[in-house]
Amino acid sequence: MSAVAKLVSVGDTPRPVYELTGVSRFFNDGKVVALDGVSLTLPKGEFHSVIGSSGCGKTTLLKIMAGLMPPSRGSVMLGGTPVLGPRDDIGMMFQHATLFPWRTTAENILLPIEVRHGRKAARAERGRAERLLQLVGLGGFEDAFPSELSGGMAQRAAICRMLISDPQVLLLDEPFSALDEITRDFMNLELQRVCMEREASAFLITHSISEAVILSDVVHVMSSRPGRVVQSVRIDLPRPRTLEMTSLPEFGAYATTIRNLLDKGAFL
Amino acid sequence: MTDQAQMPADAAAMTDTVWVQKVSWSARVPRWVSMTVLMALFLATWHLVSISGLVSPLILPTLSDTVSDLGFVGRNLLSGGYMLSAFWVTTKEVLVGFAIAVTIGVTLGILVGETTFGERAVMPYIVAIDTMPKIAFAPLFVSWLGFGIGSKVALAAFISVFPIVVGTAAGLHAADANGRMLFQSIRASRLQTLIMLKIPSGLPQFFTGLKIASISVVGGAVAGELLGGGQGFGELIRAAASQLDTPRVFSLIIYLSLLGVLMFGLVTWMQHKFVFWDRSSTTKPVQS
Ligand SMILES: Nc1ncnc2c1ncn2[C@@H]1O[C@H](COP(=O)(O)OP(=O)(O)O)[C@@H](O)[C@H]1O
Ligand SMILES: [Mg+2]
């Protein structure tokens, strides 16, 4: 129940992890406005998603938050310091697992450690990699090569790689959209479990309304051209969320609200 | 078990609609049979044409002459005769030329594939030189390096360096955007990205270039010998041709092709060993 209490309270909002103010991004000498004045706050331990049609600037927003791309205007603060480049306290995941076929699963997971602290440190952390693999149900696959993993297994390994450096905040760009629906539902619940266990904050990009509602404390609905946050919808459903909740009337109401916002955004 | 009890009734009601899928007869014959048949057809045609008297034996030697000459050259090679030392000369030119081509090719390839300066300023010149008929440089190499092994090594390396440069540079661009973004997000240095991402991603392309080079390096060495004399197999071919000893030319060429097969096989084996995760590209034929 503490999770629910955390959601509804307005007076004592948790410490913000991310604070974006007036973030804009232009491409092609200002001819393409990918993002226009996006402001949002991600408090500690919360799960937020961004939903919007493709090409509305979601990936651009995530890259800016991750420090992979500078904004044209505005500021991005993470844990009280400005984001001026990639940082170790951010964990990222993309649509494709991006495991390297010449590394075993364990070596892939330890890649961030190897890059930051060297081969020796990576070898020392092997036990942790094995425990993470166990956590996502891939125990025993340490020495398997990615070609031996299915799409869902590969994405689970990618989750482990993201978690190996104990990030404060997870940035997820449509991480499961390449998977079939059954696997995706399962992976989403895994993701929720991982976030709750570590009290990590998460920021998920998706174009699935039900995925956004089932996972999030807040859903930011984006419009395209220019990319703007039309509205941020708070989802007051208890945690942990389950797939059965999709049949609740509240769930349907949230989904309808978001769908209407999306439709309006698309024709503005 | 109830299923089986009902089976006869169902089977009686339903007739099988079995039909034979058409498969061309050539697809059903095992590969080695097709290859043997083709070879037999070729040899038989050769034999018939050469004994028919339509073509002068100076142009097309008989099959039996060629086979007996193959035996003669083979014995000379095995007994360590003058042909073996010529073979060693050519082999040395090929190996040294290949080593030089790999060294220069990889260096230039990294310069072109990894640096903006290389891509913008160096690459256009490499493409320009690559389009030249490189064999035409043979007389130049002879006048610079003499009639010895040096001029042949230079031509062999010169001809085979370009596919290596192109393969290396293309390989370094092969890593996809997701992999690059991942390395960027974990704050990998440029050197780490090169060694841990770009080089392994690019190995298949690199080896494709290396395979093309491994074949052209033999051609380069022999072309150097045909045009600049020396002690190698090319010189033996030139001498045999000038004496109108066509069977000898044929059998020398056949033995020479062993060198090309050997080089190609060596590179393919290395690719199989080092690019163990990309089995598909090792069996594909090389297109130059
Ligand atoms: N590097 C870039 N150069 C030029 N335009 C870009 C670049 N990245 C994204 N864009 C443009 O910005 C808009 C938003 O892209 P993106 O953030 O990838 O959208 P989404 O992830 O929501 O599908 C698109 O119109 C796209 O064409
Ligand atoms: Mg996107």
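Every residue, even glycine, has its Cβ placed from backbone N, Cα and C.
Taken from TrEMBL, the feature domain 'ABC transmembrane type-1' covers B:87-271. Residues annotated as transmembrane segment in TrEMBL: B:32-60, B:72-89, B:95-113, B:125-147, B:153-175, B:206-229, B:249-270.
Counting residues 6+ beyond its ends, the transmembrane segment (B:125-147) has Cβ neighbours under 8 Å at 108, 112, 154-155, 158-159, 162, 165-166, 220, 223-224, 227-230 in the same chain. Sequence-distant contacts of the transmembrane segment (B:206-229) (same chain, at least 6 residues past either end, Cβ-Cβ under 8 Å): 90, 93-94, 97-98, 101-102, 105, 109, 134-135, 138-139, 141-142, 147, 151-161, 163-168, 170-171, 235, 237-238, 256, 259-260, 263-264, 266-268, 270-271, 274-275, 281-282, 286, 288. With a threshold of 8 Å between CB atoms, the same-chain residues lying at least 6 positions outside the transmembrane segment (B:95-113) that come near it are 119, 122-123, 126, 149, 152-158, 160-173, 194, 198, 202, 206, 209-210, 213-214, 217, 220-221, 263. The list of residues near the transmembrane segment (B:153-175) in space but at least 6 beyond its ends in sequence, with Cβ under 8 angstroms from a Cβ of it, reads 93-94, 96-98, 100-102, 104-106, 108-110, 112-114, 119, 123, 126, 129-130, 134-135, 137-138, 141, 144-145, 194, 197-199, 201-210, 212-214, 216-221, 223-224, 228, 288.
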